Each structure stands twice: as structure tokens, then as C-alpha cells.
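A.B. asks: Annotations per TrEMBL:
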| type | residues | note |
| --- | --- | --- |
| TRANSMEM | 43-66 | transmembrane segment |
| TRANSMEM | 170-193 | transmembrane segment |
| TRANSMEM | 205-232 | transmembrane segment |
| TRANSMEM | 252-269 | transmembrane segment |
| TRANSMEM | 281-306 | transmembrane segment |
| TRANSMEM | 340-365 | transmembrane segment |
| TRANSMEM | 385-403 | transmembrane segment |
| TRANSMEM | 415-440 | transmembrane segment |
| TRANSMEM | 461-479 | transmembrane segment |
| TRANSMEM | 499-521 | transmembrane segment |
Amino acid sequence: MIIVFIGGIPVFFLEIALGQFMKQGGVSAWNIAPLFKGLGLASMVIVFFCNTYYIMILVWGLYFLLHSFTNPLPWATCGHPWNTLNCTENFRRACHNRSALPLLSSTPDPSIPISLLSSVVSSPLNLSSSTLLLFNGSCVEPEGMRSPVIEFWERKVLRLSGGLDEPGDISTHMVLCLIATWVIVYFCIWKGVKGTGKVVYFTALFPYLVLVVLLAHGVTLPGALDGIVYYLKPDWSKLWEAQVWIDAGTQIFFSYAIGLGALTALGSYNRFHNNCYQDAFVLAMINSGTSFFAGFVVFSVLGFMAAEQGVDISKVAESGPGLAFIAYPKAVTLMPMAPVWAALFFFMLLVLGLDSQFVGVEGFVTGVMDMLPPKSMAGSLRREVVVAICCITCFFIDLSMVTEGGMYVFQLFDYYSASGITLLWQAFWECVVVAWVYGADRFMDDVARMIGYRPMPYMKWCWSYITPLVCVGVFLFHVVNYKPLTYNSVYTYPLWGEALGWCLALSSMLCIPITVLYKLLRCKGSFTERWQHLTTPVWGRHHMEYLAPESEAKLLPPNGQTKNTLLFESVI
């Protein structure tokens, strides 16, 4: 909540207001301070990478959805071609004040996997601590045993190889799902925001219906209350851990799509006098409120799963792809009418993912269209062609993520290309440029011209001091606490893999200083003259109407030139 109010909302509002005021996409909007146009280029790089790898969430969700119309669910049972001999369908830990004697009894305990029984009976004296049922009412999971949902995820969906250096073959089924998702995305946004706006009436509202249905079912399950209590009960000691603040900053900035240029692009389609200040607060509250509400849905089911397995809920709560494709599918298998709940959940996941993908691709396409010279051959390209080129380019990069080593590539993109470091870096410079280069008071005046009143001074304080300091603090925490990337805490990425990841991160981060240096070196005059020239805003035609009344006296020259002539001279 702290990060929401001192970081999320101020930058969220800044980006929307900037797009609405400049009437340009993520790149051209930074004509407000042309020296820092690299901010726009950086956001384009970030959102391109994000569009490229985020689509995989939709691909996996579609694959699970297509497999949800069978009973029993394919990830609920063993015995499939992708399962190993270590697969066990029994999730419950069976050791409630019992001794190890049932292992050797003539009537096997049904809670104990057959493979474990056979190994114990064949060699009853070689019981290791990992396979022995302890006497004090506690137990540990049999060594080597794997649930069918994990094997379905790793061996059927991902077909996971041994590492990043083992790409393996391309999965035909995954390629078909990838083509299907990109086709859906293309035809939903190819005509522009008016067409997309009609689609999102369904894609934005339907998930709320599904969340309500899932919650109504989840709270009736045994153990649901324990899961909700675990979700709501805070551990205040965690506030002293740097990682908590890093996670909070990363989550809010990524959730609000800050630093991607998408908010600026969407804001540019607003009417000039639209109340973007009110919109920023409302949308931010809906965003975080939805996340908070969804937590009840997830943890009610995780509480049920923990009760069914007889373990603490902390053992079943996962993050990242593991929550959507391991923990929740596993919980669904324990419910009555499992295929119904599985289909509902994965359809909701697919629809939510499409919403996010629309925003990212729209932001990128708007930025590209704004950069194309209007009188050139490229500038004459229709929007449909530009969208198609973007989707096809991303598709070919995505082929590396549907191989046997694709999950390692996906995690590399996720951890570095659009991670906390890059988004925090981007947000820091956005605040600095608007507050200290263009001027916080000046921008507040511009906002007042649009909405009819000045926002609270709190916004100016955040842009000038609080948010940049928060970004720097969390950024430094991130750097100091940096650890080599691993997959499932088992596979450590090779040095060349980490180097590739840092190239992804620096490809956006370096856009800002390199562009500044290039423009300063290319411009003529003293440093002061260069700075003054390169930080003078380049106004668009619509600004003549809105900025002229207050500045008419300053624009009337003694030599008889009109104010329009001066405005266009300043643009040139």
C-alpha cells in the first residue's frame, strides 16, 4: 500500500497526463523534453520484450484450457505416457500419530504410495529419514515421489530439458497454441483502440464474474478459512527485509504497466479536457483492489488443498507460473466437478492475459506509428500492416520459448528484460525529467489546463522528491541483494546466460544516457545553449489552441510576426 501511494499512483498519473497533454505515443510524448527522448525508446524496448514473453502465459493457459474438458483431468492421474515411475496420485501425508509398522503389515495403508511400499518391504532395514514416517505426528514427503500435476507441467507442457544450453525440439502443440493466441491478439487490436474498446467490455468484466463464482465455491471448501487467515495475517518483521520492498516495487510497477509506454499511448487517445487525474486514482484502486480480491479466491483454495494434504499452507503457496499451473490445478483435482472449475479458471486466466497483451501491443504499435515519417513509404503503411509485422516478429522470437529449453528462455526474459530493475530505472528518470527538467509546477499548470483545476501538491512532492528516492532505494536494494538466476532453486544459469540476461536489461536502460550524450554532442553551441535548446518542448498543432490564450502577450513580436509563425518556428 505504501508503494501504491508514493510510487504507483504518482507515476501512473504522470504517464497518462503526459500522453493526454502531448497527444503522442510513448516515444514522441517526450518531445516535452527532447533531450530525454531516450525515455521513449527505452519504454519501447521494454514493452517489446514484455509482449514477446508475456504471450507465453496465454499459450500455457490455452493449452491447459483445452485439456480441461476431460474427466478425470490429465494432470490428476498417473499412467500417462509422460509420467514416470515416481508419479503418485496421493497428495495426503499420512502420519497422524502412527508408527512405521503399518508399512510392514499385511494390509497396506492406502495413503502410502505402492512404489514406496515395495521399496520398504524389499529392504525394511534401509529406511532413510526421507522415507520414514516419524512417530511424533509429523512426516516428510517420500523421496523422489512426484505429483502428476508437476509431471504434466514439466514433462508434457514444458517438456523441460536439462538447461539453457539444451534447447531441444520445438513442440508442435505449443506452436499451434502460440499461433492461435497471436491471431486472437491481432484481430482484437488491428483496427485501433475503438475496436479494442468493444472487446475489453467482455475481457475486462467477465473475469470478475468468474472470480465471484470461484470465491463463492472456494469459501465453502474445508480449510478455506485457514487459507484466508494466512493471507490476511501480516508478519511485521518482514518489513525489515529488503526483498519485501523490492517485490512490492516490482509488483506495483509491473501491475500498473508503468515504464512500458503503454499508459502514455492510451492517454494520447483521451480528449484533451478528460479528467485524467480522477481516472488515475480510480483505475489504480480498481487494479490493486482486484488483486486484493483475487487473493481471497486463491488462498481459500490453497487453504483447502493444505487441509486435504495435511500440511501447512506455506508448503502449498507458490509464486510465479507455479501458482497458476501447479498449485491451483492441483487444488482443482481435489474438488468435485473438477473439469468445470479447471475450465473456468483457465478461461479467466486466458481472458485476463489477453487484456494485458492488448495494452502492451497497443502501446508498442502506437509508438511505432508515431515514429514513422509521415511522408515516407514507411509512414504510408496502414496500421493493420504495422500490427501484423509486430505480431509476426514477436512470434518468431517466441519459438525459442516453445522448445524443451523454452522455460529457461522465458525466465531469462522475465527476470531481466521487464524486471524491477528496468522499471524502477525508467520510473526514476520519468519523474526527474518532468519535475526537474520540464518543471513540476509547469506540468501541474498543464494538467490544470486539461482538467480545470490543479491536482493536490502531493503529486508534485512525489514527482520531485519521494518517488525518485523510493525508486533509487529499491533499485539499490535490488542491486545489493542480487543473486544469480536459478530455476526452481535447482538449476543455476550459466555465466553466459546471465550475461545474456544483463544484455536484455541494459538494452533498455542504456537508451537514456546514450541518447542524451548523442544529442548533446550533435548539437552546436556552448553546453548551456545546447541544454536550453534541447530541453525546449516541441509543441504539436493542438497546443496552439490551448496554450495560446495565456501566452499571447509573450508571443506577439515587435516585427509583426504572428504567434502562429513563432510557434511553428519553435517547433522547427
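Residue positions begin at 1 at the first shown residue.
For all residues, glycine too, the Cβ spot is worked out from N, Cα and C.
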A.B. asks: Can you see whether the transmembrane segment (252-269) and the transmembrane segment (205-232) are touching - at least 3 CB pairs under 8 angstroms, only pairs 6 or more apart in sequence?
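C.D. replies: Stretch pair does not touch.
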A.B. asks: Residues of the same chain, at least six outside the transmembrane segment (43-66), with any C-beta under 8 angstroms of its C-beta?
C.D. replies: 26-27, 157, 173-174, 177-178, 180-182, 185, 259-262, 264, 321, 324-325, 329, 342-343, 346-347, 349-350, 353-354, 356-357, 360-361, 363-364, 367-368, 390, 394, 397-398, 401-402, 406, 410, 413-414, 417-418, 422-423, 426, 504, 507-508, 511
A.B. asks: Can you tell me which parts of the same chain pack against the transmembrane segment (385-403), counting only residues 6+ beyond its ends and a CB-CB cutoff under 8 A?
C.D. replies: 48, 51-53, 55-56, 59, 161, 167-171, 174-175, 178-179, 182, 185-186, 189-190, 361, 364-365, 368-369, 372, 409-410, 413
A.B. asks: With Cβ-Cβ distances below 8 Å as the criterion, list the same-chain residues six or more beyond the ends of the transmembrane segment (205-232) that contact it, or say none.
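C.D. replies: Same-chain contacts beyond the ends: 290, 293-308, 313-314, 317, 335, 341, 344-345, 347-348, 351-352.
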A.B. asks: At a C-beta cut-off of under 8 Å, are there same-chain residues at least 6 beyond the transmembrane segment (461-479) that contact it? List them, or none.
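C.D. replies: The answer is 3, 6-7, 10-11, 14, 242-243, 245-246, 249, 420-421, 424-425, 427-428, 431-432, 434-436, 440, 443.
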A.B. asks: Going along the chain, which residues at least six beyond the ends of the transmembrane segment (170-193) come within the CB cut-off of under 8 Å?
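C.D. replies: Answer is 55, 58-59, 62-63, 66, 157, 159, 199, 266, 269, 354, 357-358, 361-362, 365, 383-384, 387-388, 391, 394-395, 398-399, 402-404, 406.
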